[in-house]
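These come from TrEMBL:
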| type | residues | note |
| --- | --- | --- |
| ACT_SITE | ASP49 | active site |
| ACT_SITE | CYS52 | active site, nucleophile |
| ACT_SITE | HIS262 | active site |
| SITE | GLU237 | site 'Linear diubiquitin binding' |
Amino acid sequence: YKLSVSPEMDIMEYCRKEWRGNTPAAKRMRKGYEAVAQKFASIRRIRGDNYCAFRATLFQALSQATQLPRWLQSEDFTMLPENLLSKYDWIKQWQLRQKPGKRMREIRDEIKEYLILLRQKWKNISEIKGPLEKQEACDKLFKNEEEEYSLYEALKFLMLNTAIELYNADKSGKRVPVFSWLLFARDTSRNPCQLMQNHLNHIGHSGGLEQVEMFLLAYALQYTIQVYRLYKHSTDEFITLYPNDPEEDWPVVTLITEDDRHYNIPVTMCQETML
């Protein structure tokens, strides 16, 4: 059994352990970590199983949550599966984790349970005042495999809902963010149904999140995801924001990646940055 989120480790110690050689790639990684170490003292490794983008983003969001986001407070939030299934018959093809071929009613009820769990966990953790207690609650949640994976199913469904909203807005001539065009310009996701069949259904099983899907995750959560992309050090893509024109009132979570596939999280801001 592997920990979902490993304990804190000094960020430069971690870097020296991982990148010892003198290849150009190792040198670039070390420079990237040095830049991150200007702001953050420690790193926590995220378990890599194709859910790591979800895991890193949600762990960071919950760790710093002080209130329930507006979209989680709405009364019809838990009615999403019912509402979407009544309009889009193809959602019956949604693949529940390790439970392919579920009937429509079961899919609806199960996803509803996942959404209720997401709201309940977010509410409970955001109400904890002490930072240490909050951290302990997050660590405990991410050690409970059943609950953890249920939360990722909820995130996937929220991404589908957001994709449907963006697709419909674009079709009715409304302005949509640029990433939405890119999302539906792919041969494998010309519409939300294809996005579900060829991408969302596979996340966590045979693949993780692609770049354009990081934007979709950010929009679904209404969070800005700031990523230090270490292999892009000394280019203007070293720090990438999803979305790149975020709403001012969206909270920010920070992740680190070496290759745009696996994500870890920086923690413990350096003293001088905090002042």
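The backbone N, Cα and C atoms fix where each Cβ goes, glycine too.
Note that the coordinates shown come from a computational prediction; the quantities given were computed from them, not determined experimentally.
Among the recorded positions listed (ASP49, CYS52, GLU237), CYS52 has its Cα nearest to the Cα of HIS262 (active site). In this structure the C-alpha atoms belonging to GLU237 (site 'Linear diubiquitin binding') and ASP49 (active site) are separated by 25 Å. There are 18 other Cβ atoms within 10 Å of the Cβ belonging to HIS262 (active site).
Taking the recorded positions ASP49, GLU237 in turn, the residue surrounded by the fewest other Cβ atoms inside 10 Å of its Cβ turns out to be GLU237.
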